[in-house]
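Trainee: Please see the structure below; I have some questions.
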């Protein structure tokens, strides 16, 4: 392998000749191989950094802080970072300095060398300097949290929201299709008064819509960026208008309302906005766990379970039991939820660990958040495509359970009173008789009265046509 010599304030470092990174990235590679098999800095952060460095170069050009030739080359190189053309030049891991300095310098060095190359200068020449030019008016302490928030917002919009909204649409369509199917309601895992299958599925759509709205509301906090705060929040070495311009250019680049944080001291020292978003993601994940468990129970069987719905049989379920089919999508989804719950705890703890002017748990916080967003998006899309869209009612089983449901006696409360209705239920259960038969034998109602009062659809929709 051929090498070139790069230099930083600590001396000379050998860097692979075909890599755009420089001395500080190489030092990090040598000192931090922690979790390299898996925990590479997320490319979402790199893309966000590309947007940030492009916006910074535009701002510095407008403010007269950079020569036009240098600024234009930085912008072109940053656009290549955004497009993913330079992904192989970002090898660092999540487990590094807590401010993300090494990743910031990785981006600075790659853009500086690529910009120098664009201008016809050799790699390592520092014709475009990683600190003086690419990082002008910036610190890792304000750029990394800015990239964190931009990356997280973009991940929500690109990975999570479309998947969840697709599942909501599927459930709403199923709810309309199943609205005329009356079934047993269940509370405490016990039989309760009837509902329609459409009402049950519709409740899943509503729960997801509510929890997704919580995530979207929490997301608004991430629009407040630390950029312009530099090292401790004072804005030292940055033009007074720099942060405002960068935020404006980021908003233009993304189409999202990014702005400078009202208090940049707090924006460096704490990341409560990200903690809030993770809490909302945990709530959404909890809703998915509940819905998944409902579906797993309702589809259980084929003979020993509830079996009121059919779900797609996607693959054989057992290596020893022929013909067995398992609800695999409903099992994979809760595992993702468990992962998100764990990540929420990691982000919550890391968010509490700011000291004075800086929180130094930034990389692990954003890695956990991005993993959660992407896992949830993937799991929900898979669940929708391979399970939810294929849910169908088992009408025979639904009717069987409904006809045996003793809680239909609730309809008799107004006619004969709670105590007599309870007596009918006890007799029906004890003697394994239908509710109607027990009522007639006790003499509390005639057959005509029973049939007029106990109408399952009216119990499921008591206020329609009232």
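Backbone N, Cα and C atoms are what each Cβ position is placed from, and that goes for glycine too.
A quick note: this is a predicted structure, and the numbers were derived from the prediction, not measured.
Per Swiss-Prot, active site, proton donor/acceptor is recorded for 188, and the stated evidence type is sequence analysis. Look at Swiss-Prot and you will find 318 tagged as active site, backed by sequence analysis. The substrate binding site annotation in Swiss-Prot covers 99-101, 129-132, 139-141, 187, 319, 324-326. The site 'Important for catalytic activity' annotation in Swiss-Prot covers 331 and is backed by sequence analysis.
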Trainee: In sequence order, what residues of the same chain, 6+ apart, have a Cβ less than 8 Å from the Cβ of residue 331 (site 'Important for catalytic activity')?
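Mentor: Listed in sequence order: 296.
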Trainee: Of all the recorded positions given, 188, 324, which has the fewest Cβ neighbours within 10 Å once its own Cβ is left out?
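Mentor: Result for the recorded positions 188, 324: minimum number of other Cβ atoms within 10 Å at 188.
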Trainee: What's the most sparsely packed of the binding-site residues 99, 101, 130, 187, 326, counting other C-beta atoms within 10 A?
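Mentor: Fewest other Cβ atoms within 10 Å, among the binding-site residues 99, 101, 130, 187, 326, is found for 187.
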Trainee: Just how many other Cβ atoms lie inside 10 Å of the Cβ on residue 132 (substrate binding site)?
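Mentor: Other Cβ atoms found within 10 Å: 13.
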Trainee: Drop a 10 Å sphere on every Cβ of the recorded positions 140, 318 and tell me which sphere holds the fewest other Cβ atoms.
Mentor: 318
Trainee: Looking only at C-alpha atoms, tell me how far residue 140 (substrate binding site) is from the residue listed as 'active site', rounded to the nearest Å.
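Mentor: One finds 52 Å between the Cα atoms of these residues.
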